Every structure is written in C-alpha cells, then in structure tokens.
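J.: Below is a structure I'd like to ask you about.
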Amino acid sequence: MHPQRWGDPGAATTLDESARALVDLAFGLTETPAVSGATPPVTRLPEELLAGLRGIVGEEHVLTDDDTRALRTRGKSTPDLLKARAGDLADAPDAVVRPRTPAEVERLLAFAVEHHVAVVPFGGGTSVTGGLAAQRDGYAGLVSLDLVRMKRLLAVDPVSMTATLEPGLRGPEAEALLAEQGLTLGHFPQSFEFATIGGFAATRSSGQSSAGYGRFDSLVVGLTAATPTGTVTLGTAPANAAGPDLRQLLLGSEGAFGVITAVTVRVRRTPAVKRYDGWRWPSFEAGADAMRTLAQAGLLPTVLRLSDEAETAINLADPDGIGSESSTGCLMIVGHEGTAELVEARRAAVAGVLEGLGGTCVGEEAGQKWAHGRFAAPYLRDALLDVGVLVETLETATFWSNRERLYAGVKQALESSLEGAMVLCHISHVYETGCSLYFTVAAKEAADPLAQWQAAKAAASDAMVAAGATITHHHAVGTDHKPWFAEEIGPVGVRVLRAVKAELDPTGVLNPGVLIP
Ligand SMILES: Cc1cc2nc3c(=O)[nH]c(=O)nc-3n(C[C@H](O)[C@H](O)[C@H](O)COP(=O)(O)OP(=O)(O)OC[C@H]3O[C@@H](n4cnc5c(N)ncnc54)[C@H](O)[C@@H]3O)c2cc1C
C-alpha cells in the first residue's frame, strides 16, 4: 500500500489530457503535490517494553522503522490522505507488532494491559472512518497489532459449506485459497484488494455483490476473538435461540472489544457464469422503484446498483458521451452469477420485471465496463487530489419509504456546504425493506481542505440523522461517526456498549477512542 495514496504504488495514476480538460472546466486545476520525506515522531516505547514485545513475537516481528510505522498510520479516508499528503504522521504507532498465532495475540494483550500500552488491531488499513486513529494520551505507547502473518485457511466443511479463515487474509488471498476448493466467499467491497477478513468482520463490511451473497456479517457463522479478559469462541450451530446472538457483539466491534483471530464463513460454489448487464431508467426514482420491486419479489440478482442522473453522466464522461443521449437517465447494473441454467433463468425473470417497469436493457457492454473498472476508482481520487480537487465518499441507509427524503437532504447538505460541489449518488445495496445510498462528492479544494471537508461531512451527517437514517450502512463508526452514532443508539445503547467495553477491556487498551461514544 502507498503511504500517501490508495493501493498499489505501481498502479498510481494521473489524469490524462481529456480528463484534465474536464476537471479544469469543472473546478480548475491547481497542482497540489504531496509532501515528500516526512517521518513519524520518534518511537515513545521504552526499550524494555520493546524487548518484552520481542519476547512474545520474535525479534524480527517488532518493527520500529519509519517506513513501516508510516504505513500503519491511520486509514484511507480523504482526511487520512490529506494528512498524509501534508506530511502529518502524528498518529504513527510507536511499533508495529506482527503475531503469528492466537496464543501470541493473547500474550500481547496481556502485556499491553500490564504495561498500559494502547493496541490498534490492523488488517488492511483501509478504514475510512478513523478506525485506526486511536488515542494515545495517557498510555505508555501505542502499537499497531498487524495481523499480516495470520493468513491461513484453517478449515473447510464442504458438506455444511463453511470455511474458517484467519483474519489477516486479504480479499484476493482468501478467494484464491477458497478457489482451490471450488468455493467463493463472494465478498467484493471496493477495497477488496487490500482489506482483510478480520477487517470485514470488525467493520460489518458490505460488498458490491451483497444482493446475491449477503453483507459480511450475514456470511459469518462463527468467530474467535481474543480479549484482554479472555478468549471467546462463538457459533456452534447455523442458528440458535441461546440468548442474544453474541457474535453480533463482536461483529462491528472495530477492535474495541477484542482481536478477531478466526472467522467461520458461509461459502458458495465458484460461479460458472457471471453476466452483468446495463439497464437504463428515465429517472432515479423509476430505477429505485424497480429495485424495490425486485427485492420484494424475491428476485434479487447477485449485483444490483443504480446511479443517479449526475453519476450516470459522469461515468459516461468521455468526449463522445457528454451531452449525448447516452449520458441521460440513470444507469443500473444488474449482475447474475451461478450455474449457466440458473443465471439464464434468473436473468430472464429479472428482465421480464424490469422491462415491465419501463427499464431498457443496454446490454452487457455497460455491465462489463463496470465489472472491469470496479476496483479502479479509488486511484482516481489521488489523481484528483494531485490537482487540488477534494473527493470523498459517504454512505447511509434507510427504508424505502424514506429514500427520497434522505437523498434530497444529504445532497442539499453537501451542495450548500461545499461551494461548486459535484454530488453524485448511487444505490449500492438493496434489501426488501430499504437500501443504502452512497454519495461521491467533488469540490475545488479550499485553503484548508481538511476543515472544508469536516464541515461538509458534519452537515451531511446531520442531514442523515435529521432524515432518520443510519450514520453508516457499511463503513463503520471509527472515530469520525461517534457523535452521530451516539444519537442513533441513544443513551441506553451507549451505556450497554460501555458496559461491554468495561467487561472485555477494563483498562481500555484496545483501540482507545474508537467506536465507543
Ligand atoms: C477505496 C475504498 C473503498 C472501500 N469500499 C468499501 C466497500 O465497498 N464496502 C465496505 O464495506 N467498506 C469499504 N471500504 C471501507 C473498508 O475497506 C472496510 O471497512 C474494510 O472492512 C476494512 O478492512 P481492513 O482489513 O482494511 O481493516 P482496517 O482498516 O485495518 O481496520 C478497520 C477497523 O477494524 C479493526 N480491525 C481490523 N482487523 C481486526 C481484527 N482482526 N480484529 C479486531 N479488529 C480489527 C481496526 O482496528 C479498525 O478499527 C472502502 C475503503 C476504501 C479506502
């Protein structure tokens, strides 16, 4: 991962001439290069504590060099990138510690409690909500507990169709191991290439194929987590009535309750066929109604997403597409995966419904184009930051009956707090009862882009709460969403979370300041 950009440093990109011209037209171009040569603050952990950590995981797995610590500083939200680009590495961990086994994780937690060292579990480092920016004041130091060495496929049960995975496996690594057995997890968030199994569970992630495979928390049938007060293993049956489902307490716990050391997930057979089609709708509303109809008819495809008019126009923003008929309306991507027979049958059934509702199939090219570029967009954000254009995304969810109000409220909040902003939206995840709205915002950077974005984000978050929606459908709480999260779950909910934290992590060494309001 690049320390100041998204993804593979080798894949870093710049805007080509036509894209530069478009951006110039919309926002103007201001070359804004990232600061180079910044170094993190000197490690504050005393030598005897570093020696203690080495005694647990081995000499070579306690790293204090600047490059490694810089790479484990914060996540990949636009505010994180702005800070990294400005050379601000103030949140760098004092050391990066890489355990190999659950037993080592348990010993590290005991050591952290004994010496009051803050611990930040680190998966892929793709958090976009400040989930890796723990507080350090009052602690002897802060270590990044990097799960990169815990990468095994521990078990496969081909009869029950489950697999048990270690937390440090990145999306492609997990898929490759499962593919050897003819299986897939089917979890493809846009951060798929870098995010990990443990991170997916800790944030209750949702992938682009959630309509077909389910969001990550719905895939988890069991897990093991090491906490400062002991290890908990949950999930002895596909379903149970044995009290509240404690798995749900660890899913989404964002490293504040424990370190997830194994996850058992439901798996599916590798699909023989994948077909993605584009569908065009006269309006966002018509497309959204069609999504609802599919969901409520039990006809959800594997992939289902709908761009609003603005996002549709931008996605087709090539010199030929702009202003032409093809850039009007709203583009929906409808993907089917499975056996050839199943895909054809479902594709025909879904097409019948969509045609009946006024949709027009524009064929596989648009679908393939989306599938091909599905992981590329984050690289474009860096190229835009390079020319002084602020780009960030945010997401929320609500019930169908409230969708239009939420859409209008968040869009208006963003447009009125960011002068000249371009606000794009798509429906990214669909349920029988509602959907998730995913916004992308671009605006010319102000003199202080961080403050500029924080004000816009607060306005958008206020609009979500005012509309009665959730503060996050899949990006999690981290540090950024805490004030709105507290409002969402109410004072009793906050007290329950604090009580669980006090029980599992009584000295508060795990991810201080993250998640718990
Ligand atoms: C470009 C981009 C696209 C994204 N697209 C999506 C998307 O489509 N869908 C989606 O859901 N999210 C998306 N995200 C957000 C992010 O990728 C997810 O939240 C992901 O699940 C985080 O996984 P990670 O392994 O990177 O976790 P990290 O970022 O390393 O950690 C996230 C949080 O979980 C904790 N944690 C990590 N591992 C463990 C563990 N083993 N035990 C306990 N706590 C742990 C960390 O301490 C932190 O609080 C995107 C982010 C980016 C930057």
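Glycine is treated like the rest: Cβ placed from N, Cα and C.
Heads up, TrEMBL stuff is auto-annotated, nobody curated it.
Pulled these features from TrEMBL for this protein:
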- Y438: active site, proton donor/acceptor (ACT_SITE)
- 121-127, 203-206, 254-260: FAD binding site (BINDING)
- R381: substrate binding site (BINDING)
- 89-270: domain 'FAD-binding PCMH-type' (DOMAIN)
- R305: site 'Important for enzyme activity' (SITE)
J.: List those of the recorded positions G124, S127, S205, R305, R381 whose Cβ lies under 6 Å from any atom of ligand 1, in sequence order, or write none if there are none.
T.: G124, S127, S205
J.: How long is the line from the C-alpha of S205 (FAD binding site) to the C-alpha of R381 (substrate binding site), rounded to the nearest angstrom?
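T.: Distance (Cα to Cα, whole Å): 21 Å.
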J.: Fewest other Cβ atoms within 10 Å: which of the recorded positions R305, R381 wins that one? Let me know.
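T.: It is R381 that, of the recorded positions R305, R381, has the fewest other Cβ atoms within 10 Å.
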J.: Roughly how many Å separate the Cα of G124 (FAD binding site) from that of R305 (site 'Important for enzyme activity'), to the nearest whole number?
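T.: Cα-Cα distance, G124 (FAD binding site) to R305 (site 'Important for enzyme activity'): 25 Å.
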J.: Sequence gap of 6 or more, Cβ distance under 8 Å: name the residues on the same chain that satisfy this around S127 (FAD binding site), in order along the sequence.
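T.: Same-chain residues close to S127 (FAD binding site) (Cβ under 8 Å, separated by 6 or more) are R74, G75, K76, S77, G199, T203, A476, G478.
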J.: Taking just the CA atoms, what is the gap between G255 (FAD binding site) and Y438 (active site, proton donor/acceptor) in Å?
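T.: A Cα-Cα distance of 25 Å.
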J.: From the recorded positions P121, G258, R305, R381, pick the residue whose C-alpha lies nearest to the C-alpha of the residue listed as 'active site, proton donor/acceptor'.
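T.: The answer is R305.
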J.: When the Cα-Cα distance from R305 (site 'Important for enzyme activity') is computed for each of the binding-site residues P121, G258, R381, which gives the smallest value?
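T.: In terms of Cα distance, R305 (site 'Important for enzyme activity') lies closest to R381.
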J.: In whole Å, note down how far the CA of P121 (FAD binding site) lies from the CA of the residue listed as 'substrate binding site'.
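T.: With the alpha carbons as reference points, the distance is 26 Å.
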